[in-house]
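Peer 1: I am attaching a structure below and will ask some questions about it afterwards.
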């Protein structure tokens, strides 16, 4: 008598672990560049528990995953993302004395506004800075001489073994536009930020001046991802280039040559591929003139890197994340 065949277990589907998962979601609607194809799977994490649950599910099913904040500082491929895109909408925060404990999905602009109106000094440099707190921590965001690392007390995160852990500032390995969370792909859940008492009116003026500067100097009338490249480290530049750009060196927070000026000097302002264009207003921005493709942007990035290397022997490094 033949043995009865054992029933094969059906492979788990992502919907079994994350019933709220959507399929085939167009990602360009979720990025500030308005570029990118479809996500195979798309899940909205409404709180940090959802975020942890989604990451663990993706890891269990061995599905590639990506955490999406507000979609700035990001270029998504025309072919989209084959895997799970987790939209971080964990946006709770609590203010106690001179500290704010905030989820990683809180907008930086909200934290600037809330701290400034309470006369708390520490984030006024970030006036007008797009993105979420998680993205700012991951890439150690900075502007006008300030950096997010200067305010961080503690970061709560999910490690690669699905354990929720906490790091103090010194364990975060912050560096120029980077951190341990970027290098090791740890998932930031929440952050404690410290402040000092300041004058509310003065702080408000500083934050507003930075917002006005961005509106005036940056091409915000077109979809964009923010600065495409990191600024150039003055110390690492060739001697002839140091001499050429000495008059425009800025502190950010160490001496840098603004990449926008390097690209401008290379004669690339206004350079266009398809409907992607190097902004004439700010050369370290690539703007979407309407219907631009990720492939257009990537071609422009290559043109800039090759031209700058050939003309100035400078190697530009992308600041945006490309997926």
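Yeah, the Cβs are placed from backbone N, Cα and C, and that goes for glycine too.
Those TrEMBL annotations? Automatic predictions, nothing curated.
Annotations per TrEMBL:
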DOMAIN    34-198  domain 'FAD-binding PCMH-type'
ACT_SITE  177  active site
ACT_SITE  227  active site, proton donor
ACT_SITE  319  active site
Peer 1: Translate the DSSP assignment of residue 227 (active site, proton donor) into the three-state scheme.
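Peer 2: It is coil.
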Peer 1: Tell me the Cα distance separating the residue listed as 'active site, proton donor' from residue 177 (active site), rounded to the nearest angstrom.
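Peer 2: The separation of the Cα atoms works out to 12 Å.
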Peer 1: Averaged over the whole of the domain 'FAD-binding PCMH-type' (34-198), what is the pLDDT?
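Peer 2: The answer is 97, the mean pLDDT of the model over that range.
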Peer 1: Tally every other Cβ atom lying within 10 Å of the Cβ atom of residue 177 (active site).
Peer 2: 19
Peer 1: Output, ordered by sequence, the same-chain residues six or more apart from residue 227 (active site, proton donor) with a CB under 8 Å from its CB, or 'none'.
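Peer 2: Listed in sequence order: 259, 284, 285, 319, 320.
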Peer 1: What's the number of neighbouring CB atoms sitting within 10 A of the CB on residue 319 (active site)?
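Peer 2: Here the count is 19.
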